[in-house]
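These notes are about the structure you will find just below.
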């Protein structure tokens, strides 16, 4: 539950190494989940990851706990600073906790709940009898026939009664019976209950840490921990296409060039471009998805305004555009509203959207039926063999693999890296179609036309800049002087 | 990520600062004092707003609601509570003026009369007066929403693929039952499953409805909890490949089963005949698409084309064909040996009903504490209609066509000695919502007082 940070001295290098190891675990869980692992498979993956990265070298339990605690709190510091980072950390820490908790024996679970004072009311016989049929129906609705039978036979099956606020995940997936604000949680769903608690505490803790970080720590530790902590937080997702340095890595793109670049767009974007061009309109979801993608390929704001204005023009007067749509273009570039520099959507985000009637955003491999998908891919002049392959994969629910097939069909070579971001699709395509290395790309160490070279820096690689900062910090910390101490923040 | 994340030094968007926007000038033609028997219909909605805000808008009741008892002299009342609530005005030309706040109902009314907003939105209650957000220690980062009603928004346009009476802005007595049944299902679910008691249902002025869940417990929900409630109700998940995507299991969750029973009734009684969903080939093909068996589809199609369906005396042709469809599907399901196909067949009837009638929520509105939502008693700028409260128990009797317009109200006001249909709307507001809410707010304050008295104190 990590109520308070451990007290003791941590060597500066452990401070960073532990944190990176934990990041490997969290990132590993995210990968496993995005590849569709579930249940026992996911449990196994989490176990392997924790055994590999979170066990301290010595293999002693006390050392394990120490590493677990230290790494958790270092990452809390690193991931407290923005809502985006907090959300990511919260999600995957909770997931890690869930699987570790579920692995414990039920006695240990009960012990854990007692120690942390989680007061759950077990329902009594009378209430159980009264709700029995409905409790059974809930289990049946989830396909838990075994549990339903057990409820039917048993005079009592342990159910806990908790305020619905404590189990948002069970509520959202309708895995509990709800009555006047109480959620009836079956004993096998107790991990969710405990995770809910864990999550709520961690969430509160992160906000608290963020406040302290901004007002105090960041400044005090300016020369020592701050650079480490800041560099830790940028290592979680591979390249960030929202990063200004990444945008237009291959040079800026102007509005006029867009039509000639469509051949490098993935289907989701080519499709949006098509609709925009023929209908002279795109609804909100489409404008966001497409507009941010264009920003990611290096279209500056002024050019984006020019582009959208021209595309809307046949049906919309310029002043109406200024009034109704220019705002959202400027918003995408962080010039309006929240003033956040929005990041182009990744495949995961796009796939998770459910476009409504008249919307064209989302992932076409998911939203289109086979004939329309086939026709759409034909319009992109993709090798027919690859079209069949892509349609087949889309049918099987492997949307990103389908997209990779389409990429291969459009470029007559295979894409070794897989597709996980529309901007990555584009970048890979440009490397093949326009292999002129720009000075920037060379400086970044990205081989512009390197066949099969991984386009991404491994997410957990220590960046040279961070390392030298670390060394600098360590140098200040001459042997004999006190190593950094973790304070209970 | 919320609006307050913008750096304090950053110049706010043009829309933010009240002081930058001049007061709305009165149009020359505006009627300021209505003379006897004047025909208000000849004025535009904007021109009538000044009279509406000064003579009809129920600012006192409105403020009573949003004060939640904190406007009383009770020792536990937080007199700053109402002041910390954000209002957003939409002025002519779509200029949003965010972060407005007021001391009480009178101050709110004065601002309304002065600015004449085309639309009023209600935002969250913040930790500090939103007008003074820049002065908070720690800058705008420390400025955060702390409380907000749980809200739902259902818009008729999301039903365009399943209604035949009209599209987009259209709404009439033929499609209204879709809204009425949505009210019934959400109202029951929110009360029985979540234990909420204070629900305010409002006609959104044109083509939809809003719901404000105002219990203490609802106002304190985190974004994650809001999202979980919205997802709990989201059986309809959008459309894919021309068919509705539904989150249904083989055996329904008790809440889904309860919804189905309500839907089945409305389906047969109103929606199926009103919308003529099995009247002609174009319409019935869309329904048949949900049946996972080619033979069943063909049988029904040919029978219906030949006009060979027995019609009971008082059933419409649509209902008769529906019974025919149910019988045919059941027969096929009975014969089917393959368990999976059998399951799919017996489920498809429910799927049709859910696809055509289950509430289609605008999820984003419900998920976030700081989402703005149009206030009740606003005037819709295009229709001139008042956003009147709806009594959930009489939702099926509600007729969107007879909702009073601002012009009509002002005419009534003149000819009936200060009485108008607004009185009825305010009465519904009291009866369905405000009176019980005020009792509960008093009880909350009393409970606070009891727990404060029980606490050990440092004052000897």
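Cβ atoms are placed via backbone N, Cα and C, with glycine included.
Just so you know, TrEMBL annotations never went through curation; they're auto-generated.
Straight from TrEMBL, the features:
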type	residues	note
BINDING	A:268, A:347, A:363, A:403	[4Fe-4S] cluster binding site
DOMAIN	A:263-426	domain 'DNA primase large subunit C-terminal'
REGION	A:435-462	region 'Disordered'
Completion exercise
For [4Fe-4S] cluster, residues beyond A:268, A:347, A:363, A:403 with C-beta within 8 angstroms of the site's Cβ centre include exactly A:266, A:267, A:350, A:351, A:364, A:365, A:366, A:399, A:400, A:419, A:422
Fill in the blank from the handout: Students should find that the Cβ of residue A:363 ([4Fe-4S] cluster binding site) has, within 10 Å, a number of other Cβ atoms equal to 27
Fill in the blank from the handout: Note: among binding-site residues A:268, A:347, least Cβ-dense neighbourhood at 10 Å is A:347
Practice task
Restricting to the domain 'DNA primase large subunit C-terminal' (A:263-426), report the mean pLDDT as a whole number.
Solution key: 85
